[in-house]
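Annotated features, as they stand in TrEMBL:
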DOMAIN    28-218  domain 'Electron transfer flavoprotein alpha/beta-subunit N-terminal'
BINDING   Arg244, 269-270, 283-287, 300-307, Asn321  FAD binding site
Amino acid sequence: MAIRAMLAAVRNRSFTTAVAPRYRFLSTLVLAEHEGGSVKASSLSAVEAIKSLGEDNSVSILLAGSGPSLQEAAAQAASCHPSVSQVLLADSDKFTYPLAEPWAKLLHVVQKKGNYSHIVAASDSFGKNILPRAAALLDVSPITDVIEISGSHLFVRPIYAGNALSTIRYTGSDPCVLTVRSTSFPVVSMSAHSISSPAAIEQVDLSTFSEDDAVGKSRYVKLSSQDTERPDLGNARIVVTGGRGLKSAENFKMIEKLAEKLGAAVGATRAAVDAGFVPNELQVGQTGKIVAPELYMAFGVSGAIQHLAGIRDSKVIVAINKDADAPIFQVADYGLVGDLFEVIPELLEKLPEKK
């Protein structure tokens, strides 16, 4: 009877347990990509994202490569955000190209010395290539494609092609390795920040980095990209996308002409890329580029779930398709049921030339 009474008393009471925080000090390492002496916008978005990890977060940016462009990018990184306290430079020909093996080993070396609580990179081809391998070397599980940071170890990421959101609490050991979707963390203009002085720039000690660490199972062959003055697809304010409805690479040139008039970037669906209309670097969607322009125009795009996953963050979506039941109209802000071979020439005729 005494035992039963004790159990009843326990069941009828409420307990409040104070749990001491696991991490009293936050320190974050941002793996940044640079090109032409400038830090890429996607990496700056990663810096912006880590503000949500918590206060008193010591932020270091890691840049690697060689030559004058690395020094120029370092100078920009040192003044890119008031939360950045340090810029780390790995100046070596081993990091001329973003191969996973040497870069992952570099992250491993820097982490062992810095003992960071978080390692963050943008969820682009650069970050997706390097961070999973680095996480394996560090024996931790990475959390990818984060779109919201609710706490130092609480994150939101899309699943099922963006049709559902998963909230994940990281309970593993340090470091917590993340890739963040840059479109979910827009960069605040420099004028909005009060940067008293640039962050310190320090060289990474590569004395423990052997030649064997730079030789892996992958090798750099070449970089293929279109020689164009159009905006970068991932950061453009306006994106004009063509789908399989254009029927041929020759017809796809109408999309390019329209984009030139609007000062827009050109995108394509996977079906258009697979058909050989355009190179795969223009693919928009779950397996291509994730975009969030102010205006997204889709011509001949049916609206497959994988494509919609890459455009959900667009401010305004305009769809033109002759099929009134096309799924693209379910997410479009403005829709026009019509023949794109009539609509595009009319737009080209009425739109003024770009100044």
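Including glycine, each Cβ sits where the backbone N, Cα and C put it.
If you count neighbouring Cβ atoms within 10 Å for each of the binding-site residues Arg244, His307, the highest count belongs to His307.
Ranked by how many other Cβ atoms sit within 10 Å of their Cβ, the binding-site residues Gln283, Gln286 place Gln286 at the bottom. Across the domain 'Electron transfer flavoprotein alpha/beta-subunit N-terminal' (28-218), the prediction's mean pLDDT works out to 89. Long-range Cβ proximity for Val301 (FAD binding site), meaning a same-chain Cβ under 8 A and a gap of 6 or more residues, is found for Thr241, Gly242, Gly243, Gly245, Thr269, His307, Ala319, Asn321, Ala326, Ile328. A sphere of 10 angstroms centred on the C-beta of Ala304 (FAD binding site) encloses 19 other C-beta atoms.
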